[in-house]
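Record features (TrEMBL):
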BINDING   A:CYS9, A:GLY10, A:LEU11, A:GLY12, A:THR13, A:VAL14, A:GLY15, A:GLY16  NADP(+) binding site
BINDING   A:LYS103  NADPH binding site
BINDING   A:GLU188  L-homoserine binding site
ACT_SITE  A:LYS203  active site, proton donor
DOMAIN    A:353-429  domain 'ACT'
2 protein chains.
Amino acid sequence: MRPVKVGICGLGTVGGGTFNVLKRNAAEIARRAGRDIEVEQIAARHLNPACELGDTPVTEDVFALVDNPEIDIIVELIGGYGVARDVVMRAIANGKHVVTANKALIAVHGNEIFKAASEKGVMVAFEASVAGGIPIIKALREGLAANRINWVAGIINGTGNFILTEMRDKGRAFEDVLAEAQALGYAEADPAFDVEGIDAAHKLTILASIAFGIPLQFDKAYTEGITRLTTDDVNYAEALGYRIKHLGVARRTETGVELRVHPTLIPEDRLIANVNGVMNAVMVHGDAVGPTLYYGAGAGAEPTASAVVADIIDVVRTLTTDPNNRVPHLAFQANSLSDLPVLPVEQIETAYYLRLHAQDRPGVLAKVATILSERGINIESIVQMEAEEQDGLVPMILLTHEVIEQQMNDAIAAIEALEDIAGPVIRIRVEQLN
Amino acid sequence: MRPVKVGICGLGTVGGGTFNVLKRNAAEIARRAGRDIEVEQIAARHLNPACELGDTPVTEDVFALVDNPEIDIIVELIGGYGVARDVVMRAIANGKHVVTANKALIAVHGNEIFKAASEKGVMVAFEASVAGGIPIIKALREGLAANRINWVAGIINGTGNFILTEMRDKGRAFEDVLAEAQALGYAEADPAFDVEGIDAAHKLTILASIAFGIPLQFDKAYTEGITRLTTDDVNYAEALGYRIKHLGVARRTETGVELRVHPTLIPEDRLIANVNGVMNAVMVHGDAVGPTLYYGAGAGAEPTASAVVADIIDVVRTLTTDPNNRVPHLAFQANSLSDLPVLPVEQIETAYYLRLHAQDRPGVLAKVATILSERGINIESIVQMEAEEQDGLVPMILLTHEVIEQQMNDAIAAIEALEDIAGPVIRIRVEQLN
């Protein structure tokens, strides 16, 4: 059979990695795919010193590549919503298949993109958009297709996990580690995407759609960053047998879907609590399979290229299929997506870690316990830390059972109104993940 | 489209789970697959009290089911090499697709089965044959298809892992935990398949073929059980920062493929070292993606059914494909399998934990170190344990760097010949898995 011709748009980190993997492993890939896969053309404004391009043609005009009639598969590795979106939509209009690593584009414009692709009978593959080299889209969309998925929970931003790992292992402050991550090139120059959870929310939005068969709804995701985490909380959590991770959680309930990214206490004996540094991991809980976990590098040139190239091979396999009998973009047939709503954060149900600063005098604990009890909140444990603070204040740590967030909001407001409590109550959600 | 008709052969644990998952999740599965999947007939000698069969016809004649012209996909859940093999071969001859959970059948007769299937243009899917509900076949065969796979290492027998976990956590003896595992129904009545590593070797054989593109060669796998492990070694390993796991390791080297199942020391900070109880996990290291890990339930009715049903859905998708453009059974095109040999165990390269019982007098350590040094074996560390034994003997623990096993065999023979050393040298292989 004639080789399949690929056009790569963007020759940055992931684009360069994709070119290099396709070239280095060409023989191994052809042994699997049953035909050769060749890079026909590259669109890039700047060359990548990591790539020996040989006689592969390079154009600065990405739309010339998208319109190149020799190319079967357009690989979009530009990023962002601007040119990338135009490239993908024009490739689809041209009847070409698309592979992309662009989580922001899929999370925000995926519904429109998949609709156009289905109408043209082409595939838009996006394994690389979530958790880099971990084949989590494939696991969730195909490997666990027998299951009613109960929940998905993931460490899906490597920079955030690097920061939390350093804070725990070395007692370093958030700002200190963030500065190092930026120097190491892990974090974006504007770190908000990483540390405010926006990047993780993009990925979680995609996972939730595939898990539950709902349209992509990035605008409904609740996002809370790790910027206010202190080493005190990291240490208190540790003393209680927990690790703090920046987790994306999507859970199906009776009334809707929880879609939330926030710092989370996880019992230290859970495998995912031990995923450290820049590594990613995603747990998926299905009704038949129970809990499963997928771990690997969530970013970087070649790990991400691993997913891009796997998608290219998948697309090659579907070149001879009935478009109506392929794996649907969002795992479920487009005409059978569910209208299960994404719940506002006030309606999520979770357990909580609370840190209070209380006057060290009798009766405070009773008042706090009464406030919680009146709102149906069960206390799992209370630890009064040794008094170390000024002004007679002692830190008091509570772990609660699961409760609707609105109840907890009411309880916290009431606790903060107590005379014996100083300053705001620190609240971190707790997930058991079992 | 007309529903796809499935025939289930065997209604034991996995057969019952498969029927129940197909029934309970019928709507969710149809939303994914794009068409209904129905159980047309069941072949079983005994009914399963966990299943409400309703009006699903049951026959005691499994070949009547295999010959039923209404059935598109034969699901073989009988187990073993006898009837199961006849069922699979006759289903193929009838032009039917097959889904099986039978690792022994695939590991031992897979080459013949896949050849027949390819000639008839049908698929034989076997995700459930390795690590139960973990979609590891799919991850390795498709998700990591861009990679040159360097190695695979897995905890792929839940019973063995349960025993090792109990030995470590509770200091219990091997025989004691095995008896409990049998009482709990984890272990087979004849536990040799579990604790001697045969079951793990079946699964590893399958993983190695898919990873490296070699024919199935179960007869070449090196298999060492956990029956001789003592709590002493578990504790010494722990003191050195390692856990002992019963690991299947398949590694590609310059000269061939290592294919081996044996007790293994793993650094305690590796995720896989923290996989406990009956759970399974498989690590895959690819040249592009680096290390990855896949974790979940490796056995049980519904976890295994999760994989069986995912395979059924995969087969449904390929009903409209060109048979020459499907994912090959062993990941690589049948005409491009490699003749890279499976290495005899004497040629594998690994690091070692050695436990010696030495007379507590000067010079013993120097003699041992000299023996190792003369064979090019570097010592990573030596720990002389506190003398606790009779006859003036003290246990001495050595960790070595990597060396060819034959060199280590020679060294151990020389050490055992020393007058100062009593009894055999205990040797456990060590893998870093990074």
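Glycine is treated like the rest: Cβ placed from N, Cα and C.
Keep in mind that TrEMBL annotations are predicted by a computer and have not been checked by a curator.
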Just jot down the residues in the same chain as A:LYS103 (NADPH binding site), at least 6 apart in sequence, with C-beta under 8 A of its C-beta; none if empty. A:PHE126, A:SER129, A:VAL130, A:ASP199, A:HIS202, A:LYS203, A:ILE206
Let me make sure I understand the structure: which of the binding-site residues listed (A:GLY10, A:GLY12, A:GLY15, A:GLY16) has the fewest other Cβ atoms within 10 A of its Cβ? A:GLY12
Check the DSSP secondary structure of A:GLY12 (NADP(+) binding site), expressed as helix, strand or coil. coil
Please work out the helix, strand and coil residue numbers for the domain 'ACT' (A:353-429) from the DSSP assignment. 23 helix, 28 strand, 26 coil
Mean pLDDT, the domain 'ACT' (A:353-429)? 92
Which residues, in sequence order, are found in the same chain with Cβ within 8 Å of the centroid defined by the Cβ atoms of A:CYS9, A:GLY10, A:LEU11, A:GLY12, A:THR13, A:VAL14, A:GLY15, A:GLY16 at the NADP(+) site, excluding those residues themselves? A:ILE8, A:GLY17, A:THR18, A:PHE19, A:ALA44, A:ASN48, A:LEU77, A:ILE78
Cβ atoms other than its own within 10 Å of the Cβ of A:VAL14 (NADP(+) binding site), all chains, total 27
List every residue in the same chain as A:THR13 (NADP(+) binding site), at least 6 positions away in sequence, whose Cβ is under 8 Å from its Cβ. A:GLY300, A:ALA301, A:THR304
